[in-house]
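Annotation source Swiss-Prot lists S-adenosyl-L-methionine binding site at Gly117, Ile137, Gly138, Asp139, Tyr140, Val141, Leu142.
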Amino acid sequence: MKIDVLTIFPEMFTGPMDVSIIGRAREKGILSFNAHDVRAYTTNKHRRVDDTPFGGGAGMVMNAQPFFDALAAILGPRELRDPLRSRVVLLTPQGAVFSQAKARELSGLQQLVLICGRYEGIDDRVRQAWVDEEISIGDYVLTGGELPAMVVIDAVVRLLPGALGDETSAEEESFSDGLLEYPQYTKPALFRGMEAPPELLSGHHAAIRRWRRKEAFKRTYQNRPELLIGRPLPFDDQVLLAEALRELGLDAEIPEKPKKKRAKGREPRT
């Protein structure tokens, strides 16, 4: 996968893109990353990238010209671009809130271009002409789009095949299936009077899976209950959710397993 970032502070990406999972993905050739300095595409003498807003108001607005030229250099002519293979994303508070589902969607692209704004934003003609979608990482204001871009990159890269040492890690993390992740423990089993759950020490794989699933329901209900609203659950999960709620001190009825319907036209054996 190729990821390009447009920013006036490319040096902000030097450390985070060189270490841990992202750094290893680059070393393996799984990820190609470039941070492009928007100032390099300016045509004015002083390499200015901003000007006062039309209509007045506080702050400065980033010019369209350097972004247009940078995007054309990276992606080629607008009219020839295939949005199914590459996508241009503007990081902005006005965008849709980023999610694990969106990260998985973006990880299937060949190329992702992230635009980092500053000041009062970017001339809207950039959005109209080039941007495929707008993404926000939450309902709060940051100084620029660089930190949100790093969040998106981290979430996307870890989903690329081969990026993680254990491919099951991404499948079991929070939000991978709409639930928060279960609690984790490691050695020693007894630490300062606090014991690790016996289920995790039993060696019984089915019991471990059941405990983890139930704890995921507990944690989700306690911290993000909205994730459970309207969620269709198979019967086994319905039982685990009810047990989890009971263990939290709530009144929940354990569902009974539905009886199989007898096929029509067949008489019961005597």
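Note that Cβ sites are derived from N, Cα and C of the backbone, with glycine treated the same way.
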So Leu142 (S-adenosyl-L-methionine binding site), by the Cβ count within 10 Å over all chains shown, scores 13
For Ile137 (S-adenosyl-L-methionine binding site), the number of other Cβ atoms found within 10 Å of its own Cβ:
20
Here are some binding-site residues: Gly117, Val141. Which one has the most Cβ atoms within 10 Å of its Cβ?
Gly117
